[in-house]
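Below you'll find the structure, written out as structure tokens, and then a few comments.
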Ligand code: 6V0
């Protein structure tokens, strides 16, 4: 078995999301080697060539297409392979198709790679994270999903716009399912330590209920709107993948709302969903408690229930 190459990433699935993620990873300078894998070998080869041609403007690295054997020493394997949402289709509609694809992909990855981290991106990401953990046999800290990292970025972006403040100064999480039952954790949201409602009032916004509803709905419906308009979403998720890989490879111990299997936290067990967690070189290194009000706690349990029903039906 090949020893891990700390500077190597593999991207499985080179469609919109895989290729945009590969491009973002190339630009990041985090890795010195990247292998692209797809059932459509020509597509992987074409993307590897195209992305390589940006290297004279970035940092040197090897980028090539290959197969699962080539992912054997990758420190991180990003899995984006799977069908995408069609207009009007929910993420959960995708479940059967993509669980089937994972049954062929994950054992192949695990056959050659015993020590790496599996970062699941394909949808429905929470269900597929659960499936990948079971199919790989990897310890759970090394199998997690991008979860609501993207939704949280959308949330911060919209709050930043609403309040005319740098979105990086907004501290707020979307938790639960990456999908229709996700929860905006308003009760812990703040801007640079100032509770969100106080900051809103400083900026002249007083209609909290209305704004909260609008912003949370907007976050939840972003993917539907983008898919309706351009067929797929990929730049936001590509930056999310880059951010998660950065936290892993640089052992940053960053707090990110990734999706991982819960074991009794907040009364949730045996379901993968997103809660803030510490992410570093060992993958998920710990969970971080988040203050929630009763309504949010109830919505979180409901979100977990929705996912549990899908797991029971499909895995
Ligand atoms: P796409 O453009 O259809 O790409 C999918 C790729 O997977 C194609 O190149 C396929 O050839 C490849 N593929 C299919 N089956 C296999 C297989 N068995 N082995 C290897 N490769 C295979 O889809 P797109 O890139 O738009 O989306 C990919 C997945 O990401 C979908 O499930 C999306 O729903 C999901 N997204 C997840 C997001 C998140 O926040 N987690 C965000 C956006 C999309």
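For all residues, glycine too, the Cβ spot is worked out from N, Cα and C.
Here's what TrEMBL has on this protein:
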BINDING   13-18, 38, 43, 68, 82-83, 98, 104, 121-123, 146  NAD(+) binding site
BINDING   85, 91, 123, 124, 125, 126, 151, 152, 153, 154, 233  substrate binding site
BINDING   156, 171  beta-D-fructose 1,6-bisphosphate binding site
DOMAIN    8-145  domain 'Lactate/malate dehydrogenase N-terminal'
DOMAIN    148-313  domain 'Lactate/malate dehydrogenase C-terminal'
MOD_RES   224  phosphotyrosine
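Annotated features taken from TrEMBL, shown on the structure.
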{"residue": "13", "record": "NAD(+) binding site", "contacts (Cβ under 8 Å, 6+ apart)": "37, 38, 79, 80, 81, 82, 122"}
{"residue": "16", "record": "NAD(+) binding site", "contacts (Cβ under 8 Å, 6+ apart)": "84, 232, 233, 234"}
{"residue": "85", "record": "substrate binding site", "contacts (Cβ under 8 Å, 6+ apart)": "91, 93, 94, 123, 223, 227"}
{"residue": "151", "record": "substrate binding site", "contacts (Cβ under 8 Å, 6+ apart)": "174, 178, 182, 219, 220, 222, 257"}
{"residue": "153", "record": "substrate binding site", "contacts (Cβ under 8 Å, 6+ apart)": "167, 236, 239, 240"}
{"residue": "156", "record": "beta-D-fructose 1,6-bisphosphate binding site", "contacts (Cβ under 8 Å, 6+ apart)": "167, 168, 170, 172"}
{"residue": "171", "record": "beta-D-fructose 1,6-bisphosphate binding site", "contacts (Cβ under 8 Å, 6+ apart)": "189, 190, 191, 192, 193"}
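Most buried of the recorded positions 82, 125, 224, judged by other Cβ atoms within 10 Å, is 125. Listed binding-site residues: 16, 38, 123, 125, 153, 233. Those with a CB atom under 6 Å from ligand 1: 16, 38, 123, 125, 233. Per-residue pLDDT, averaged along the domain 'Lactate/malate dehydrogenase N-terminal' (8-145), amounts to 96 for this model. Each residue contributes its Cα atom, and for residue 125 (substrate binding site) and the residue listed as 'phosphotyrosine' these two points are 16 Å apart. On the backbone, the CA of residue 224 (phosphotyrosine) and the CA of residue 104 (NAD(+) binding site) stand 28 Å apart. Helix, strand and coil counts from DSSP across the domain 'Lactate/malate dehydrogenase N-terminal' (8-145) read 68 helix, 27 strand, 43 coil. Considering only the binding-site residues 104, 123, the Cβ with the fewest other Cβ atoms within 10 Å is that of 104.
Residues 85, 91, 123, 124, 125, 126, 151, 152, 153, 154, 233, recorded as binding substrate, reach a greatest CA to CA spacing of 20 Å. Mapped onto three states, the DSSP output places residue 233 (substrate binding site) in coil.
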